[in-house]
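Visitor: I'd like to ask you about the structure that follows.
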């Protein structure tokens with residue numbers, strides 16, 4: 001009996017509308033909000049991001065990413081027996097975006113559900129899928145991270161609205177007799193709910209509280225670098241590997257400073273870090289699978305290499321997955 005899981009296909013999707021920093025600066029100026037390309041690049045490393053149109057939902061972006069991943073794995077939607085979608089921007093309050101995506105794919109009948117851990121969501125979802133495959137509850141899972149985060153942005157707050165973008169990434173995770181997912185490590189600390197949140201909710205058809213993103217950037221940075229280092233070392237420990245055994249670090253693409261800080265703590269040079277934040281911005285739960293698909297399709301990440309995926313997000317949540325491609 002297979003006791004392991006392995007990624008057999010990856011995919012990604014970005015909305016056609018691409019905004020460079022210059023584009024966004026011009027739009028914000030119309031609102032009386034001042035910023036500049038230099039200010040954004042120096043603080044975040046971001047040069048462009050993609051925004052979805054009003055009629056495009058997370059399931060739409062996830063569908064394209066899923067189809068690419070299925071094609072890369074050489075499997076049909078009917079072959080999938082588990083669908084997990086990581087998102088903080090679901091199509092509806094309910095049902096889950098996973099169920100909506102399942103219907104669009106034509107993969108009806110298998111378990112389908114969402115995971116909500118914000119920017120750590122894909123790490124959580126991949127870990128859950130791996131656990132279900134190891135237990136025998138599934139053999140071939142579709143794991144998707146998809147976001148239309150632009151819907152949550154306060155475009156009067158230059159410190160946050162320049163950071164985020166929309167997109168989706170997906171993987172097919174299959175049962176295997178040889179290890180693919182080597183180790184995972186998940187954590188959360190609800191004491192830090194307020195440093196990164198969208199505090200609004202719906203009651204009686206009305207929005208209560210603030211429906212837009214709020215973030216204490218300094219607090220997030222201080223927490224993120226420390227916890228990501230611990231999670232990375234935890235999965236290396238569990239797998240019996242060292243930092244030097246990591247071929248590629250694929251971190252959540254939050255901003256270049258957090259990524260540089262994490263790599264430095266692990267003793268990894270930036271030329272072994274997959275970086276897409278410059279072109280995609282922070283796409284929350286989509287950022288890691290987007291970066292993974294980019295690394296695979298560009299030839300950076302190759303079969304047999306060890307990849308360290310790690311993410312941190314609102315909640316406060318964080319985690320890491322170590323895998324052999």
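All residue numbers here begin at 1 and follow the chain in the order shown.
A Cβ is built for glycine as well, from the same backbone N, Cα and C atoms used for every other residue.
Residues or ranges marked as active site by Swiss-Prot on the basis of sequence analysis: 119, 252, 282. For 253-257, the entry in Swiss-Prot reads region 'ACP-binding', with the evidence type sequence analysis.
Just tell me what is around each of these and how deep it sits.
Guide: Cβ neighbours of residue 119 (active site) (same chain, under 8 Å, six or more residues apart in sequence): 252, 254, 282, 284, 285, 287, 311, 312, 313, 314, 317. When secondary structure is read from DSSP and collapsed to three states, residue 119 (active site) falls in the helix class.
Secondary structure from DSSP puts residue 282 (active site) in a beta strand.
Helix, strand and coil content of the region 'ACP-binding' (253-257), in residues and according to DSSP, is 2 helix, 0 strand, 3 coil.
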Visitor: Which one of the active-site residues (252, 282) has its C-beta surrounded by the most other C-beta atoms within 10 angstroms?
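Guide: When each Cβ's neighbours within 10 Å are tallied, 252 tops the list.
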Visitor: Secondary structure at residue 252 (active site) (DSSP, helix/strand/coil)?
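Guide: For residue 252 (active site) - judged by DSSP and reduced to three states - the answer is coil.
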